[in-house]
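Comments concern the structure below.
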Amino acid sequence: EKARLVESARLAEQAERYDDMVENMKKVLSACIDFPYSSYERNLLSVAFKNVVGARRSSWRVISSIKQKEEEEKKVKLSEAYLTRIANEIEEICIDVVNLIDTSLLCRDDLDVESKTFYMKMKGDYYRYVAEVSPQDSKSGFADKANKAYDEAYTLCKAEMPASHPIRLGLALNYSVFYYEILAECSAARTIAQKAFDDAIQSIDELPPNTYKDSTLIMQLLRDNITLWSSDMEDDDDDSAQ
């Protein structure tokens, strides 16, 4: 039964029917709680939810951009109503992910450090997605939850995983983006990214061949962000001087 559900999820992914993929992977968790949960199945679950919520995040950004350009009051209100609808869908999906992680994954006795870090990172990511689209009065609450999840995951992986491990690097990337985009703390974001990049460089030669490509790709993204954020900070310094 587990193999059938996993194969159904894989087929749904190939057909780009991500809502079906989510439902199949949720059934895997609920029906097979006593079986080991492999890294392949873990990645299927992550891909499923990432695409389901990713489509709505993209829609939210498009409508938000349109709203900013509108001048007619009726059109602005229509855009605002649509943004609220999409934001509610994003929140519902993200809270569903977090609850699933808490009740079906982080509670497992067979979790290794890699899996625990992965799921804590997912919690941080999905709380961040809600914070992105939330009104100011509720944004800080979701931001605090995201920060807590990221911090716990980062503390754990720094103690137990090599600096060049792709999961640790991916966490550092997303944590730094959280600081930049949600908390608007450019300096802290750059510090997290720079430290992760520098630490990884020192152990890059120790990477096994099967993770080398993933790690170096994330390191490139970290370096791109470091360059961008350094430029932003220089621009801010120039503005202050003027």
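Each Cβ is built from the backbone N, Cα and C atoms, and glycine gets one as well.
Curation does not apply to TrEMBL; its annotations are automatic.
Feature list (source: TrEMBL):
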{"type": "DOMAIN", "residues": "2-242", "note": "domain '14-3-3'"}
{"type": "SITE", "residues": "ARG57", "note": "site 'Interaction with phosphoserine on interacting protein'"}
{"type": "SITE", "residues": "ARG128", "note": "site 'Interaction with phosphoserine on interacting protein'"}
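Confidence for the domain '14-3-3' (2-242), expressed as mean pLDDT, is 92. Cα-Cα distance from ARG128 (site 'Interaction with phosphoserine on interacting protein') to ARG57 (site 'Interaction with phosphoserine on interacting protein'): 11 Å (rounded to the nearest whole number). Most Cβ neighbours within 10 Å, among the recorded sites ARG57, ARG128: ARG128 holds that distinction in the structure as shown.
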